[in-house]
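Some notes on the structure that comes next.
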Amino acid sequence: MFEATKAQFELPEGVIYLDGNSLGPLPKGAAGRVARTMTEEWGKRLIRGWNDAGWMAAPERIGDRIAPLVGAPAGSVTMGDTLSIKMFQALAAALGLAPEGRRVVLSDEGNFPTDLYMADGLLAALGRGHELKVVAPEAVEDAIDESVAVLMLTEVDYRTGRLHDMARLTAKAHAAGALAVWDLAHSAGALPIDLEGAGADFAAGCTYKYLNGGPGAPAFIYVAPRWADVARPILSGWLGHEAPFAFDLDYRPAPGVARMRVGTPPIIALASLDAALDVWDGISLAEVRRASLALSERFIAEVEARCPMLTLASPRDGAERGSQVSFRHPEGYAIMQALIARGLIGDFRAPDALRFGFTPLYIDEGDVMAAVAILEEVMAGRLWDRPEYRKRARVT
Ligand SMILES: *Cc1c(COP(=O)(O)O)cnc(C)c1O
């Protein structure tokens, strides 16, 4: 179904890539686009590129290409920095809009640690007695009460793929008078998202996972239109100013989502992302979701039948899962190294999860069956049981 999109990616011979949930592969159009941005724009236009190559407008122009992928209206998304920073900004802005006297930021243990670390740092810097309350994912709904200022969650758990119900939890937060901030790291490009329909207040996501923008590609941030002109930017950089080139000494935020810009946009990285987004033209996320569930379900069934020593760590029901499947094993790290040595690339998340991402834009059933064959061979023959596979690298 996605043969035409698969042909748009560089996929090395002999590799089955089930790690697009962590770093998407190189879209064939990206290298040429980056080269043109460098030689034609930077090389020839020099500083004139900010105006005549559209560099200064790129964050909002590319934000408008992300918007339909996350159910956001045009003009509500901008680009820049990293997801950690965008979550910091989103949480700070949401806290500024929460009712007086609320002191709790509610999150869960399935959240990616950087979100919790950034929240911790922000709350300490604010020094207003806020508390970061972290509960089990299943306990989030019941923990939403009138002490909560902001509900801050990642929609899809990076370890297990467990999917939160964004619309229901956002509605519950709103009913309690709180705001809802969503991290879309493992959902943007993986499944249909309806930020506007769900009523999310703020959201942010990265573009190097399912959106294939390249290592360190800039993050995106969404601000609900109702807040766009009132949210107070905590990182009040000059390019989020109403008139950066007036060089006023006082800060006045730009109208709309552009106030979430901070400093000079990364034009070369944005060029790579822009090319990666071309692949999404005409793609239906509902189709992507259907295909990803079919691939994941096939994978789960085959692995459970052929590798009984692995335990499913992801929800069994596809409706409660994102686009990745994890299995647990105490020797998960060594097993993953053995798989990678045989061309099956997934990743490992401590303490014991083998994680596989399903990305129908370039992974098909043949890949899934070939992956299971490698996994079965490694497990049945204990091929992972070698000292070199236990040596931990810096990135797992
Ligand atoms: C990948 C990921 C991040 C990464 O943040 P960066 O600032 O881009 O390094 C943050 N949050 C979640 C939920 C993630 O999955």
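Backbone N, Cα and C define each Cβ position, glycine as well.
Summarising the annotation, TrEMBL assigns pyridoxal 5'-phosphate binding site to Leu83, Ser84, Phe112, Pro113, Thr114, Asp115, Thr154, Asp183, His186, Tyr208, Trp238, Thr264. Taken from TrEMBL, the feature N6-(pyridoxal phosphate)lysine covers Lys209.
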What three-state secondary structure does DSSP assign to the residue listed as 'N6-(pyridoxal phosphate)lysine'?
coil
List, in sequence order, the same-chain residues at least six positions removed whose CB sits under 8 Å from that of Thr154 (pyridoxal 5'-phosphate binding site)?
Gly110, Asn111, Phe112, Asp115, His164, Trp182, Asp183, Leu184, Ala185, His186
Express the distance between the Cα positions of Thr114 (pyridoxal 5'-phosphate binding site) and Lys209 (N6-(pyridoxal phosphate)lysine) as a whole number of Å.
16
Reduce the DSSP letter at Phe112 (pyridoxal 5'-phosphate binding site) to three states and note it down.
coil
Largest pairwise Cα distance, Å, within the listed pyridoxal 5'-phosphate binders Leu83, Ser84, Phe112, Pro113, Thr114, Asp115, Thr154, Asp183, His186, Tyr208, Trp238, Thr264?
30
What same-chain residues, at least 6 away in sequence, bring their CB to under 8 Å of the CB of Trp238 (pyridoxal 5'-phosphate binding site)?
Pro244, Gly263
Do any residues at least six apart in sequence from the residue listed as 'N6-(pyridoxal phosphate)lysine', in the same chain, have a Cβ closer than 8 Å to its Cβ, and if so which, in order?
Gly20, Asn21, Ser22, Leu23, Gly24, Ala185, His186, Ala188, Gly189, Ala190
Once the chains shown are all counted, how many other Cβ atoms turn up within 10 Å of the Cβ of Thr114 (pyridoxal 5'-phosphate binding site)?
16
Tell me the Cβ neighbour count for Phe112 (pyridoxal 5'-phosphate binding site), meaning other Cβ atoms within 10 Å of its Cβ, over all protein chains shown.
17
